[in-house]
Amino acid sequence: MAKKPKKLDEIGKKFGADREKALNDALKLIEKDFGKGSIMRLGERAEQKVQVMSSGSLALDIALGSGGYPKGRIIEIYGPESSGKTTVALHAVAQAQKEGGIAAFIDAEHALDPAYAAALGVNIDELLLSQPDSGEQGLEIAGKLIDSGAVDLVVIDSVAALVPRAEIDGDIGDSHVGLQARMMSQAMRKLGASINKTKTIAIFINQLREKVGVMFGNPETTPGGRALKFYASVRLDVRGSTQIKGTGDQKDTNVGKETKIKVVKNKVAPPFKEAFVEIMYGEGISKTGELLKIASDLDIIQKAGAWYSYKGEKIGQGSENAKKYLADHPEIFDAIDHQVRVQYGLIEDEEGTTPTSVAEDLAPNQEVTLDLGDGLEIEIED
C-alpha cells in the first residue's frame, strides 16, 4: 500500500510562514558546528570588491583591469626561457615591500641573483628566501608562511623545478609518471583556501614544454599538470620580442628588449589584454618608458615633433631625454601616473578638491554667487 502523503498544512508550515525561521536555525547550527563566519549572506561581507596590489608596472596594471594582482589569489607567470618571468615577479616583490608588506621567495631553481633583485628595488635584507631540497619541502614552507597570515606575497620559482622527493631519491632514468602533477594537485587543494583566507598573493613561475607528436594547434604546455591552470585566478604569458639598442657609444649594443605580457586568464577582470613593456638589462622594467608612452597616447603628455611637453612646459627632446626628465622629477612622475590610473578607472579621483583653474581665479574675500535656478541664489563670502 502506498505511503500516505504529508498534509498540505504540514508542508505549508515548514516551507511557508516558518521558512525563514528554519533557515535561521540552520545558519545558527552551521555556525555553532563550524565557527562564526563559516556561512553568511554575501551582502554581509565587509568588503565585496577584490583588493589588489600593484604589479609594479603601470602597463601591466592596466592590462590586468583591476589595477594589479588580486589579493588572496593564485597567479601563474609562464613563458620561454629568458623572457622576463622572474623580472616581472621581482617587481611584484619590490612593490609589496614598498607598500610595507612582507615577501617570501621560494627559489627552487637556486638561481636568484641578489644584486639584480636589489637593482629592481627589492630590499634583499628583508626578503625571506628559501632554497628547498625537494618540491614537497618547498610547498610545505610556502604553506606554513601562508598559514601564518603574516606574509603578503609568496613567489615560487619555478614549478618545473619543484622535484618530488621520490624522483630525487631515485636514479636518473627512472619513470615517475604523473608524480609532479599529483604533488601540485594536492598542493593546490591544500593552499587554495588558506591563500584566500589570509589574503596572500601566491605567484607561481612556470616554464614551457612541448607536447610530443602534435601536428596541429599549439604544442606548448606547462609542466606540473593542469591543477595550477584551474586554481590560478590570473595567468600571464611573458614573451620577449625586439631587442633595444643603446644610444651614443652603445648604439650597437643591446641594452634591453621589448616584452609582451598577455593576460591569458583573468577571473577578476576581462582577460586577453596585453601589456608592452621595456625590460632593460640590469634595471628591469622601464617605468619611465611605459609611463611616457601611455601618457602620450592619452594626451596627458603632448608630443609635437620630437618634443614632449606636460602642462605647456617642455620636458625633453626625444624619448630618452623625456624619460630622464621623469626620472629626475619624481613628483611629476607621480602626478602623471595618478592621472593615467584615474583615466583608466584603476583608482578613484580625490573628492572634495577644488579644481586648480577655479581656485586661481578666486581672490581672497571675494563674493561668489551660485545660481541654483528658479530664481534661487546663494552668496558666499570667503
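Our numbering is plain: 1 for the first residue shown, then up by one each step along the chain.
Cβ coordinates are placed from backbone N, Cα and C, and glycine is handled just like the others.
Nobody curates TrEMBL annotations by hand; they come from automatic prediction.
As annotated by TrEMBL, domain 'RecA family profile 1' applies to 49-208.
A 10 Å cutoff on Cβ-Cβ distances gives SER82 (ATP binding site) a total of 10 other Cβ atoms nearby, all chains included. Secondary structure at SER82 (ATP binding site), as computed by DSSP, is coil. Residues or ranges marked as ATP binding site in TrEMBL: GLY79, PRO80, GLU81, SER82, SER83, GLY84, LYS85, THR86.
What TrEMBL records for 213-290 is domain 'RecA family profile 2'.
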Shell list (ATP; ref centroid = CB of GLY79, PRO80, GLU81, SER82, SER83, GLY84, LYS85, THR86; cutoff 8 A): VAL238, GLY240
